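Residues or ranges marked as active site, phosphoserine intermediate by TrEMBL: SER68. Per TrEMBL, Mg(2+) binding site is recorded for SER68, ASP282, ASP284, ASP286. Summarising the annotation, TrEMBL assigns substrate binding site to GLU376, ALA377, ASN378, ARG497, PRO498, SER499, GLY500, THR501, ARG506. For 58-93, 109-175, the entry in TrEMBL reads domain 'Alpha-D-phosphohexomutase alpha/beta/alpha'. As annotated by TrEMBL, domain 'Phosphoacetylglucosamine mutase AMG1' applies to 183-289, 303-436. The feature domain 'Alpha-D-phosphohexomutase C-terminal' is assigned by TrEMBL to 478-523.
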Amino acid sequence: MSINLRTVYAFAREMYPKISTTPIQYGTAGFRGKAEFLDSVMFRMGVLATLRSRYREGAVIGVMITASHNPEPDNGVKLIDPKGEMLESSWETIATDLVNVSDQELEQHVAKIIKDNNIDVTTSSHVFVGMDNRYHSPRLLKAVADGVIALKGNVREFGIVTTPMMHFFVVASNTKEAYGKPTEENYYEKLISAFEKLRNGQLENGKYRNNLIFDGANGVGARKMLQFLKRMNNSLAVTVINQGIGSGKINEECGADHVKVQQRPPISMPIVEPYTRCVSVDGDADRVVYFFSDENGQFQLLDGDRIATLVAGYLMDLVKSCELDLRLGLVQTAYANGASTDYIVNELKVPVSCVPTGVKHLHHKALEYDIGVYFEANGHGTIVFSDSAKLTISEAAKTKPKARDFLLIIDLINETVGDAISDMLLVETILNHKGWDVRDWISSYVDLPNQQLKIHVKDRNVIKTTDAERVCVKPEGLQDEINQVVANYKRGRAFVRPSGTEDVVRVYAEASTKEDTHQLAYEVGILVQKLAGGVGPDLVKPSNAHL
């Protein structure tokens, strides 16, 4: 099979010309931006996915078209490596370089990628492509497919799917279906079968009630939740709101990010009894948070930290009751609430590791444990099991009924990536088994008040951090000043880190009271403005009157 790279250039020039000269960078979330500027990016990512597949000896590479929790006019693209993980770091740089070259340089640049990476272009390549339900996604999917075809790769289009479904399909195919079949139907079947066996016909237990409000963020998660419900044997009573039908826009006043950041329920929320469990997913269904309102109408959030502690405690109990010699660990970022870390270490007796922000770092660290639990506070996370842990649990299942439940728990979890619906079904299973309502769950520990600020700076690169972003090493002197300020507050903690995408420094602060937290965040923010080249606007000094 011979490949003429002129085809790539011709396709690009005629159908997908580069219309933006603004540099774009491949980050944790891939490429993101306004949809009208992404056609050339998508075409080139189709080209890159084909080359990556050949580089990985014909393994399936996934391409997901989504802008996740971003507003509806945005879109984006990310590549999925053979084991369902994020694209390898060195290839992020290759991706960034590829999308930024001019159309005239494209043919030569593709030839350079092939030569530099010793890629045999005569071998077969396989690319899976999926998209969310944004109105511009079908056009962008065609651009990706054309990029694959330009290099004579094989492309399989899955249409509208969640991001975690795409990860599932890639892993299923690359494990020769040991993980499952790479079809939408098998994805539903695997999760529902495990969930219903674990439920075992017991729909309510203790204070746990079979009633859930599901906010689908007007995204693909709503569509797929409805598909789940069609296939379930009435094993979970769910009301789906923000289904994306009619005028609702993706993530607009709804979804996991809105609920977490704004600390309030989504739009279209029905009137429900106090303490009714409610759940929000984001636009591509890879984040999930729970929330409820108490008898005074007060909003209460159960975020990724809460999910992580619930899951880690439950799995630790399973390990102990099955008498298994397995290392279980929980991975967090510096954004995890200090109270959750104290609870995990002191009450659950589970080891905790802290890593820099970003799913890639969390996932990589979790793989060091037999059972690794990781969740970001925003609700993105999963649990990974080592092959030896699965073998140990399988052996125990021959004689111990509890270990058989453990195997079903593994089937219920989408290990490849954070999966909002899978995570939700896991939480429902644990709450049911414990006989807990949301009051029991939230009372396990009391969150420390916390606040985040964005400080605009001239150049975010002046900030350098270490120790999983908890210590600022540049500019010199800033960390010493932060330490002095923090020392004035009971249970005070604060850190600063540069944004990955804009000239902004992010400040996180927590302390024992709301008043102290706001004051601490303000003082650290002032230090950043003074020592890291702040460009305004000036921070407003908090007054206790509005706290």
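A Cβ is built for glycine as well, from the same backbone N, Cα and C atoms used for every other residue.
Remember, TrEMBL labels are computer predictions, not curated facts.
In this structure, the C-alpha atom of ASP284 (Mg(2+) binding site) lies 25 angstrom from that of ARG506 (substrate binding site).
Here the listed stretches are 58-93, 183-289, 303-436, 478-523, and the one with the most C-beta pairs under 8 angstroms to the domain 'Alpha-D-phosphohexomutase alpha/beta/alpha' (109-175) is 58-93. In sequence order, SER68 are the recorded positions from SER68, GLU376, GLY500, ARG506 with a C-alpha within 10 Å of the C-alpha of ASP282 (Mg(2+) binding site). Here the CA atom of ASP286 (Mg(2+) binding site) lies 11 Å from the CA atom of GLU376 (substrate binding site). Residue counts for the domain 'Alpha-D-phosphohexomutase alpha/beta/alpha' (58-93) under DSSP, helix first, then strand, then coil, are 5 helix, 14 strand, 17 coil.
Here the binding-site residues are PRO498, GLY500, and the one whose Cβ sees the fewest other Cβ atoms within 10 Å is GLY500. If you take the Cα of the residue listed as 'active site, phosphoserine intermediate' and the Cα of ASP286 (Mg(2+) binding site), they are about 8 angstrom apart, rounded to a whole number. Tertiary proximity for the domain 'Alpha-D-phosphohexomutase alpha/beta/alpha' (58-93) is limited to same-chain residues at least six positions away from its ends with a CB under 8 Å from its CB atoms, namely 26-35, 38, 41-42, 45-46, 48-50, 52, 123-132, 134-137, 140-141, 144, 163, 166-171, 173-174, 182, 217, 220, 249-252, 255-257, 282-284, 286-287, 359-360, 363, 415-417. For the domain 'Phosphoacetylglucosamine mutase AMG1' (303-436), DSSP puts the residue distribution at 73 helix, 18 strand, 43 coil. Between PRO498 (substrate binding site) and ASP286 (Mg(2+) binding site), the C-alpha separation comes to 24 Å. Summarising the environment of ASP282 (Mg(2+) binding site), the number of other Cβ atoms within 10 Å of its Cβ, over all protein chains shown, is 34.
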